[in-house]
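Asker: There's a structure below that I have some questions on.
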């Protein structure tokens, strides 16, 4: 699937937070996708016209940006392009909750992804998180399934174990490295990588592939890392150098 | 103190400039703190409720952002959370001067930190700086003491020698490496690191610890660096790998 | 010329996009220039007063930012400071086209730089690009010459071969490395580097020097890189470590 992505070079519109823009753009370029970022709703239709997917990441959002997110979502829906929604810090403020709920309520979302605390809160559960970090691992499978039941949108819960649920299918993905928790934007970049594969084909296999590729690249990067600084640099290298053969080390369980 | 920080993982709200957001977030995660960034005043109360400290860094500020900074400061004061103010480029424009003066005048600030040019200007001295770089080292001790006398707020002046003054106490801290001057945001990240230790306890020792830890990590990073690019990556590694024992190489002088 | 730049440390005002701010600031600091970034038109006159050049990069622009770009351009023109314009993603939306056209139509621009797709579109040709990536190499010399004929502004087209045209002179520059295409902001940083040398002297030789230095640094960085992650880190190192002697490996052709 990585060869197909590098061939097709899907344009992925990333409306994402201020903290992770460089890392996200570099992650997608290393992968072989073509990222574009924008802050202007007036260009939503133009840039989404050629796009394969849209990422909406709500970290560092403001109320002034809600029309941007809505117009991007509206155009993506019009063009029938998959939308990945990453509700960063959902449990951290009423503002982020309302912002996310509007997007979830009014637009077709192909995938909601977040850490356990965010998705737990998104299901209407009392959040256990403070801030944007993941403070509860919990049972990611249960959190994913519950969130799907509430939202009726495919859900990816990231953590030491990543869990996917869409009503028909529940899967866990077991690759990765703990350094991912110590760098900013590792989850945000995964959201963008997932959007890139959904641009090829909007199906659960794309998500499994994206998550496993990213986590395998992380495992390889960690071998050469001496801390989270070198790790994040090597992670970009390993995404770039990822070969189809590397995918053989994926660890995925189908649950039902 | 680093072990205590890693245990407690204080949430540090960073309202900082556009240039240093990724580096700041990665620095705090490497340290063991939990950073959150925001651009929305409506979530100030929610995110500061669980926070241990607030960093206000005025680089790339706009007049539209003043209400954000004010609301964050107001909530932090309400919750009795220490506020670190970094007046980036204070001497560079009347706009930055007015912006900073409003924050200093209306809110309780636990620490003002800046380079010699910024703090010099902040004391009402004619600035010697152009832009945001430090063009005068000067006598950082005198600059810190003068600024305290004028502002009646604890002051940290960064440079080859870092100086702290709060009326009762004047200290200089002598670790560090010249590469810190060649990477963007090294002072901004230090501000965030300092806020993280003030979150543990709002006392001068927290500032001394933060500055020395950061500068010792820089010394270690410089050993493996081949330029400022590799240096800034290794700096994150060395913050992450910092051990209590490393603190033995601190060089601090108490002046009165 | 690099020694002169490190001596003079020109202040370069960078009004640039959200994705490349850290990389741009680090690139200029490594070079020996003094970058300042701003989002506030009220400080344009103050910060440009001491500046040597202005970079305007329109990536991630919004209509709210047009007055900022216009005021920065106006002040730079008043102070007779060279302005480098980088119309990122010009072909990608009508919004970016209009934004750029206003700047080009109303202010004196010392240099327009962009990739082949952007400059091609800027000449009124039907664009071949999607997004902000360069999807057509084309004949960069022809694209540069045509753009100059249409715009009457000196033009730099970047790509595997970089081409410069200003009516009197057409040159191609042949250093560089393909990794530059796989990291975000490599063209944006080149724009800032070029502005730094134009700050020393506003002449075609400054552009040739900037492009060749940057591309030679890229060639050296690529020797130690294991992918685009390590490449971009080493690129900063190699800009910092650039010696006058390294310039001997430049490959430049004058065309007429």
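Any Cβ shown, glycine's included, is placed from N, Cα and C.
Copied straight from TrEMBL:
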{"type": "BINDING", "residues": "A:37, A:185", "note": "substrate binding site"}
{"type": "BINDING", "residues": "A:113, A:158", "note": "ATP binding site"}
Asker: Measure from the Cβ of residue A:158 (ATP binding site) and count the other Cβ atoms within 10 Å, all protein chains considered.
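Answerer: So the number of other Cβ atoms within 10 Å of residue A:158 (ATP binding site) is 30.
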Asker: Relative to the Cβ of residue A:113 (ATP binding site), which residues of the same chain, six or more apart in sequence, are found under 8 Å away?
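Answerer: Counting only residues 6 or more apart in sequence, the Cβ neighbours of residue A:113 (ATP binding site) under 8 Å are A:84, A:85, A:86, A:155, A:156, A:157, A:158, A:187, A:190, A:191, A:194.
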Asker: Cβ-Cβ under 8 Å from residue A:37 (substrate binding site), same chain, 6 or more residues apart: which ones?
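Answerer: Non-local contacts for residue A:37 (substrate binding site): A:13, A:14, A:15, A:16, A:21, A:24, A:25.
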Asker: Go through the binding-site residues A:37, A:113, A:158, A:185 for me and flag any whose C-beta is under 8 angstroms from a C-beta on chain C.
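Answerer: From A:37, A:113, A:158, A:185, the ones near chain C are A:37.
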Asker: Is any of the binding-site residues A:37, A:113, A:158, A:185 near chain B, in the sense of a CB under 8 A from one of its CBs, and if so which?
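Answerer: From A:37, A:113, A:158, A:185, the ones near chain B are A:185.
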Asker: If one looks at the chain holding residue A:185 (substrate binding site), which residues at least 6 apart in sequence have a CB under 8 angstroms from its CB?
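Answerer: The answer is A:19, A:20, A:23, A:24.
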